[in-house]
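Taken verbatim from TrEMBL:
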- 41-78: region 'Disordered' (REGION)
- 41-52: compositional bias 'Basic and acidic residues' (COMPBIAS)
- 128-247: domain 'Fe2OG dioxygenase' (DOMAIN)
- 176-203: region 'Disordered' (REGION)
- 190-203: compositional bias 'Basic and acidic residues' (COMPBIAS)
Amino acid sequence: MLHSKKVPTENVDKGKVLKAPSNFRISFYANGDGDEAILKAETGGRRGRETENEAEQSEAAAATSDSRTKRVVELGNGSQPRDSCYVASEGLPQLVYSGYQPHAYSWDEFPPLKDILDAVHKALPGSRFNSLLLNRYKGGNDYVGWHADDEKLYGPTPEIASLSIGCEREFLLKKKPDKTPRGKNTSGEQPKKRLKMDGSPDKHSFVLKHGSLLVMRGYTQRDWLHSVPKRVKADSLRINLTFRLVL
Ligand SMILES: O=C(O)CCC(=O)C(=O)O
Ligand SMILES: [Fe+2]
C-alpha cells in the first residue's frame, strides 16, 4: 500500500480523521515582531485522581516553573508567510527547503508531539515517520505557496501525513505542468489568482478541518504541486503538522 502505483489523485486520501488527543495542548505563538515563537507542548489532562481544580493549579504551576514545558523557538522564518518549526530524530541528514535550513529540535523536548506521532502511526498502519514540520497560520493572510515536498532526502515516493488543528483552510492540488523540471521546489510563492475548480482531474481542493489527517503518497510530490492559499475569511489560528520520513 505504501508503494502503491495507483494514480496520484487516488493516493491523496482525505478521508481519515484523527481525533485531536483530549489531553494535549500545544500553544504556538509569536513574540514581538514574529521572528520568535514559544512552542509550549504539555499534557493538559487530569492525572490520576486529580480534581479539575488541582489540575488547573498544577498546570499553572507547571507553566511557570517547569522549563521543560516551555521552549522559546527561533523560527528563522525570514520572509516565510507563516511560522514554522522542525522536529526530527537524531542523526538524520539536515533538511533544506526553499533556501531554509531549519534547526532540528529533538522529539524528546516535546513529549506530546511524540504522543501525536504514535497516534498517527496507529491511524496509518505500516507508516513510519521520523520528522515533523509544524506550520502556524496566524490568520487568513498566512499561507503556503505552490510547492512539492520533493526534497531528495524523502526519496522518490514519500508518504506525508498532514494533521490539521484549528481554523479550517482550503488545501489545493494541481498537476505540475509537463515542462516543470522535476525536483524544482517553488515553496513560498503566492498563487497569483484563485485556482478555478472547473472539475478538471488536474485540480483538486480539500477543506482541511480541525482534526483531519490528509495523506499524500506515491508520486504525488513528483507530479503535483500543493498550496494553502490566503483566505480572507480564515480569521483564526491554524496549526498544521506534516509528518515525514527522512530516509
Ligand atoms: O498547512 C498545510 O496544510 C500544508 C503544509 C505544507 O504543505 C508543508 O508544510 O509542506
Ligand atoms: Fe507541503
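Numbers here mean position along the shown chain, with the first residue as 1.
Here the Cβ of each residue, glycine as well, is placed from N, Cα and C on the backbone.
Averaged across the domain 'Fe2OG dioxygenase' (128-247), pLDDT for the predicted model comes to 89. Across the domain 'Fe2OG dioxygenase' (128-247), DSSP classifies residues as 7 helix, 48 strand, 65 coil.
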